[in-house]
Amino acid sequence: MAAMLKATERHFYFHGREGYEVERNNCHWCQIRAFPTHSTLPVTVVNEQDDEVLPDDFRFINNVVLGKGVEQAGDSFRSGCSCAKDSECQYTSCHCLADLEDDDSSDEEEFDAFGDKIERTTPKPRRIAYAYHSHGAKAGLLRSKFHNSKMPIYECHQSCSCSIDCPNRVVERGRTIPLEIFRTPDRGWGVRSPVSIKKGQFVDRYLGEIITSNEADRRRSQSVISQRKDVYLFALDKFTDPDSFDHRLKGPSLEVDGEFMSGPTRFVNHSCDPNMRIFARVGDHADKHIHDLALFAIKDIPEGEELTFDYVDGVSHEGEESGGDIDHMTRCLCGSKKCRKFLW
């Protein structure tokens, strides 16, 4: 534990003094402490297994970083809903939900403008699917129909007229639980929470540097182990369409590289039987090419249980089934009963 102890000692005894600016900027604890939610929703680091510390070349960030050749949409292309009240940001009236298909089914009870439950004797009118429960004990949780779907989540955002308390700003408001990065016995670093997490609850975003596909390929080729690099690269390909009118969505998708800069979810391990899933989340429709990667719980997660998601979202590698060359495949160490043995 000497290396961890030495690092924490320098943080607590020296980084508040003058003359330590460079060291302070490179300190993981100082980076974490700079998070705006640190005092109420801290991220902590614990190692009770060995003498390892977090990688020296890694930096904690609180928002994505746009790499060379990646740009947000200009202000003239931005737009949001004009809902005067937060209660209007649902179903057919909100511009932010315009790209969703009509849906005549719902697992959510209906309430009127006064918060009273609506008892229907006739079928519900067709309406646009709403991602979150907005009333009752499940308010703010992802609706169950989304849990096993590949549907994107469309949210209101900073260009909208509704308030930050709008029920359709769950990811926009950010992480609401503390997280702990801890050393596992056999899989490096992992992540857990000291509080229980409800099924459907938003956990956090996967952050990193957003780069072009060419840059992603270059980084793969320069990586000592290319498969290891793929653990940290996630394609933003949810809306890739060769027939799109938006040239940014026509070609190869951008990718998020979280290896050297990211948030705490960079240390979340894979499982073939995960308790979280990753979803494409869209704020401003003009920025679909740089949509968020949002992690939601798909099970009730007890406090202290390791947080995991499926890196390949249930896709089995054909090499395992066909008896192909497995020497160059990445073995899975999740240990679950549903383990597929290989990642890719």
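Quick reminder: no glycine exception, Cβ is built from N, Cα and C everywhere.
Taken straight from Swiss-Prot:
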- CYS81, CYS83, CYS89, CYS94: Zn(2+) 1 binding site (BINDING)
- CYS81, CYS96, CYS156, CYS160: Zn(2+) 2 binding site (BINDING)
- CYS89, CYS156, CYS162, CYS166: Zn(2+) 3 binding site (BINDING)
- CYS272: Zn(2+) 4 binding site (BINDING)
- TYR311: S-adenosyl-L-methionine binding site (BINDING)
- CYS332, CYS334, CYS339: Zn(2+) 5 binding site (BINDING)
- 79-174: domain 'Pre-SET' (DOMAIN)
- 177-312: domain 'SET' (DOMAIN)
- 328-344: domain 'Post-SET' (DOMAIN)
Response to the item:
binding-site residues CYS83, CYS166, TYR311, CYS332 vs CYS160 (Zn(2+) 2 binding site), shortest C-alpha separation belongs to CYS83
Discussion item. Measuring Cα to Cα, how far is CYS162 (Zn(2+) 3 binding site) from CYS81 (Zn(2+) 1 binding site) in Å?
Written reply: 8
Worksheet item: Among the binding-site residues CYS94, CYS96, CYS156, CYS166, whose Cβ has the fewest other Cβ atoms within 10 Å?
Response: CYS94
Worksheet, complete the sentence: For CYS334 (Zn(2+) 5 binding site) and the residue listed as 'Zn(2+) 4 binding site', the CA-to-CA distance in whole Å is 7
Response to the item:
Surrounding the recorded Zn(2+) 3 site, with Cβ no more than 8 Å from the Cβ centroid of CYS89, CYS156, CYS162, CYS166 and those residues left out, we find CYS81, CYS83, ASP86, GLU88, CYS94, CYS96, CYS160, SER161, SER163, PRO167, ASN168, ARG169
Worksheet entry | Env. residues of Zn(2+) 1 site, Cβ within 8 Å of mean position of CYS81, CYS83, CYS89, CYS94 Cβ | SER82, GLU88, GLN90, SER93, HIS95, CYS96, LEU97, CYS156, CYS160, SER161, CYS162, CYS166, ASN168
Discussion item. Can you tell me which of the binding-site residues CYS81, CYS83, CYS89, CYS332, CYS339 is spatially closest to TYR311 (S-adenosyl-L-methionine binding site)? Compare CA atoms only.
Written reply: CYS332
Response to the item:
Looking at the binding-site residues CYS81, CYS89, CYS339, the one with the fewest other Cβ atoms inside 10 Å is CYS339
Response to the item:
With CYS332 (Zn(2+) 5 binding site) as reference and a Cα-Cα limit of 10 Å, the qualifying binding-site residues from CYS81, CYS83, CYS89, CYS94, CYS96, CYS272 are CYS272
